[in-house]
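These come from TrEMBL:
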BINDING   K13, R14, K15, S16, G17, K18, D19, R138, Q176  ATP binding site
BINDING   N167  substrate binding site
Amino acid sequence: MAAPRAVVVLSGKRKSGKDFVANLLQERLGCQVCAIMRLSAPLKGQYAKEHNLDFDRLLDASDYKEHYRVDMIRWGEERRNQDPSFFCRLATEVKEADHLVWVISDARRLTDLDYFRKHYRQTIAVRIQADDTVRAERGFVFTPGVDDAESECGLDTVKDWDFCLNNNNQQQLEEQFTLLLNTIQLNLS
Ligand SMILES: Nc1ncnc2c1ncn2[C@@H]1O[C@H](COP(=O)(O)OP(=O)(O)OP(=O)(O)O)[C@@H](O)[C@H]1O
């Protein structure tokens with residue numbers, strides 16, 4: 001399979017607009033060209049497979065899901081500790097991997113960023129920022145144990161982002177977003 005021409009790794013605090021930017025990239029580049037991949041996506045499927053569980057029931061809002069939730073989180077952490085690349089590999093071993101542009105919509109840890117930079121020199125690391133007041137307007141509520149955990153703060157100290165997008169509103173986003181889009185398009189030409 002041909003290697004992607006650009007691997008855009010998105011990071012940002014909750015409600016900064018990671019999904020919004022991922023969708024905008026896909027909209028502008030076209031879904032034949034651009035695939036969105038989520039590092040959090042394979043967790044449930046892999047957990048169900050390894051524990052011989054019903055995947056569909058794990059996805060719905062059933063007691064079944066609640067029953068396994070805590071164990072699933074523990075299992076995910078254990079897996080990542082054994083092999084920090086595990087979920088990065090799984091998320092990208094999908095049929096959309098033949099697309100020219102990959103958007104990884106939810107990098108959370110240094111090991112995620114390291115993985116893509118090490119394996120794909122065409123990685124473009126992007127930090128998305130929005131003011132706390134704007135994030136709150138979008139529904140963000142600080143949750144102890146979540147927002148102060150490694151999974152939310154692991155990339156706060158990174159300084160060498162290829163792009164920083166300020167996303168307090170669409171107009172502000174547009175200018176830097178266009179520069180990002182131009183860089184991706186250069187990789188495609
Ligand atoms: N530039 C923007 N203009 C208008 N709405 C926006 C913009 N950016 C984000 N939003 C809206 O803010 C909300 C949160 O954005 P989004 O889901 O993309 O954040 P996220 O960083 O992916 O959040 P989480 O980490 O919680 O998944 C969504 O409803 C989204 O549509």
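Using the three backbone atoms N, Cα and C, a Cβ is placed for every residue, glycine included.
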Closest of K13, K15, G17, D19, Q176 to N167 (substrate binding site), Cα positions, binding-site residues only: G17
Cβ neighbours of D19 (ATP binding site) where a neighbour is any other Cβ within 10 Å: 14
In sequence order, those binding-site residues of K13, D19, Q176 whose CB lies under 6 Å from ligand 1: D19
Which of N167, Q176, all binding-site residues, has a Cβ with the fewest other Cβ atoms inside 10 Å: Q176
Chain-internal residues, separated by at least six, CB under 8 A from K15 (ATP binding site): A130, R135, A136, R138, G139, F140
For G17 (ATP binding site): intrachain residues, at least 6 apart, with Cβ closer than 8 Å: I128, A130, R138, L165, N167, L173
Neighbour tally for K13 (ATP binding site), based on other Cβ positions within 10 Å of its Cβ: 19
Where the record names K13, R14, K15, S16, G17, K18, D19, R138, Q176 as binding ATP, the maximum Cα to Cα distance in Å: 21
